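What TrEMBL says about this protein:
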type: BINDING; residues: D455, D461, E464, E465; note: Mg(2+) binding site
type: DOMAIN; residues: 39-147; note: domain 'TRNA-binding'
type: DOMAIN; residues: 400-477; note: domain 'B5'
type: DOMAIN; residues: 702-794; note: domain 'FDX-ACB'
Amino acid sequence: MNFNKLWIDELVPTGLSVDKIADTITMAGLEVDSVNPVCGEFTNVVVGEVLTCADHPDSDHLHVTTVNVGDEVLDIVCGAPNCRAGLKVACAKVGAVLPGNFKIKPAKLRGVPSNGMLCSLKELELSEESNGIIEFPADAPVGMDIHEYLNLSDNSVEVDLTANRADCLSIRGIARELGVLTSKDVNYPVISEVPASISDTFSVDVQDKDACPRYLCRVIRNVDITKPSPLWMQEKLRRCGIRSIDAIVDITNYILLELGQPMHAFDLNRLNDQIIVRQAVAGEKLVLLSGEEAELKEGTLVIADRNGPVALAGIFGGAATGVTSETRDVLLESAFFAPSAIKNRAREYGLATDASHRYERGVDYTITRDAMERATAFILEICGGEAGPVNEAVAPEKFPVRNDINVAFSYINDVIGIEIAKDTVLDILTRLGMKPVLAADGTSVTVTSPSWRYDIAIPVDICEEVARIYGYDNIPNRDPVAPLRMIKQCEAEVTTYDIKSVLADTGYHEVVTYSFVDPASLKTLKPETEAIILPSPISADMSAMRTTIWAGLINTVLYNVNRQVQRMKLFECGLTFIKDEKAENGILQEDHIAGAVYGTIADDSWNITNREVDFFDVKGDVERLLEVTGRADEFVFERDDITALHPGVSAVIKLNGEIVGYVGLIHPVVQKKLGLKRPVYLFDLKLSALKTRRIPDYAEISKYPSIKRDFAIVVDASVSADSIISVVKECGDLVRSVNIFDVFSGNGVPEGKKSIAFSAILQSTEKTLEDADISSFSDSVIRNLADKLGAVLRD
């Protein structure tokens, strides 16, 4: 939002400098991006009158002119196409210095003397573009300095407003805010009703009252659109960053800036019978004022007549009914469109307009008639014509709800951190237009959100407003008074930090990716789960809520591989989102921790033989992660079919018979679809499965020696190592640990079989083990392995 200081001074004569104004509103939350003069630096430029204008004898585009500058008449050669006798212009006299330190000197142009220069807006840095020299009104005083005539001792201020402060998207709003901050009254312009001089009206049918609770229109006949808007209006628009177009457009833009109310003017004679405010029918088309053709979508609010859509409501007008130089009768529109009806619609059509910017944030629904009356008065004053009565279609019950908010003074003081006097709080709320009502017991106040504020809804909003206006600079810096108490940490609880630390200590780097991902990647990784598609995504490749964290991790791997990173271990902790009718809002949100491992086991080095990461490396990392629970033995790895993983190099992880995770090599088909040149190992665990730690029971440390016995057996290739370990541990209380140290298949081992060698550590807490004890244990191991797994002791 841009505004110029002199316009604000008209409404709130604070006497403050522009820098002080900028600082005041910035500290109140309206951040000022820049303060700039409204013109470049120049001197000795005055109002001149072109007395004569003849063609140059030696040029087809230059003109030879005589220009009266008050104290003398100058001969000046000018090349502007709009130069003509009788024109009032900006004349730089000899000795003048223009922006860029360009000095005006006597010269000859193709043999004709020239003692000055007729200036354009661009040459004086009054505008970034211009089509010729400046044309002043006929009553401009000859010889007056341009600075004085245009009152150029002014500054343009650019404010970067947050989305919640739509109330300040107008001069009225900025002035209102400044008035509150400085305790000054605001001199709002007096807006009177324009009496109708003709009885002509135009029928309105609002079919979607939720989207358009108020629609006003007015017929104005016999306007002369060729008349220019007054210089003061053009200058105010220019200083706020809006270029002058023609009188009608300038007037509607002026109302937009002054009051914050977007307006539109139709050529009345191009409308058919009636204005209809309705939803678009899919497939309808509309040629916009910009010349582009928009194919309308369902859910788009349009202004239509009997022939079809004539404008995108609150966004852009249509070319077929737009005002042109031939227009004589206009239909003036002033409406309130609900923010929900306009939000994101402009972006869907690749448009960004001042109107949509305001409507989607919220426009004051009480000013539509004021805007209509003020615009009508300007049109009649500048363009002439005859105005009919205002036709209004209104549904008050559809207006935004302005709830009463009750807040205790103690709550305000607690949130802000200091005690502010009740009278001060009431004064601030009154100045903000919230109409405070003090409770009978004096402990609280009830306020009503003003019609121009859409961001005041709950008690903490009131606290923010009081703090803003009271002044953050007036709130003293004080150290917080808070006792240091030890946080009770349940020994059986595993924190997310504990879990992340295990992976970090194992060499993993944590990443944070978007929860919005490409639905195509989700379909590849987890086709059995339907993704939640966003109705208004940031982009097509961020249009689905992730059902697995692997999607973001793989994208991160690809991003780094494309930047020549050849080894990485990544993990992410975050939510997944799955449709579930039983869950809150129909979406099951679960915390997961997932990882991706790519490349070699270590960085290349002269003293080691490097190799690619394999399944057991990643499985080992997962087992270390499970150990944080103190019950890693309760988790079981089982081979299973997992869509995204290689069927022979993957496993599901179960806890109490329920699948809580996955680990394995990415499936070759999935790898190719996702554009990975080398394989990636992945794991994924539900965070809830890791959140509980088993408190270990006391176990006596035996004073007797342990004994190690090695076994080598032949089993079916499908038998898992875990099942062997489980059978051995069931063979008595003497078993302290079991470790598999060799797996072999090939020569000497029957086809479909494998040889597994393992060691068992035996120890008693009561005595030194004897040969009979060891022999009994060995016999039990061989017998149980044979009975349960069909194992045969290897020769």
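Cβ coordinates are placed from backbone N, Cα and C, and glycine is handled just like the others.
Remember, TrEMBL labels are computer predictions, not curated facts.
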Which same-chain residues, if any, lie at least 6 apart from D461 (Mg(2+) binding site) yet have Cβ under 8 Å of it: I405, D455
Per-residue Cβ crowding (10 Å cut-off), top of binding-site residues D455, E464, E465: E465
Residue distribution over DSSP helix, strand and coil in the domain 'B5' (400-477): 33 helix, 12 strand, 33 coil
Neighbours of D455, D461, E464, E465 excl. site residues, C-beta within 8 Å of centre, Mg(2+): R453, I456, V460, I462, C463, R468
The domain 'FDX-ACB' (702-794) [mean pLDDT, rounded to integer]: 92
The domain 'TRNA-binding' (39-147) - residue tally per DSSP class, helix then strand then coil: 2 helix, 51 strand, 56 coil
The domain 'FDX-ACB' (702-794), counted residue by residue under DSSP: helix, strand, coil: 28 helix, 32 strand, 33 coil
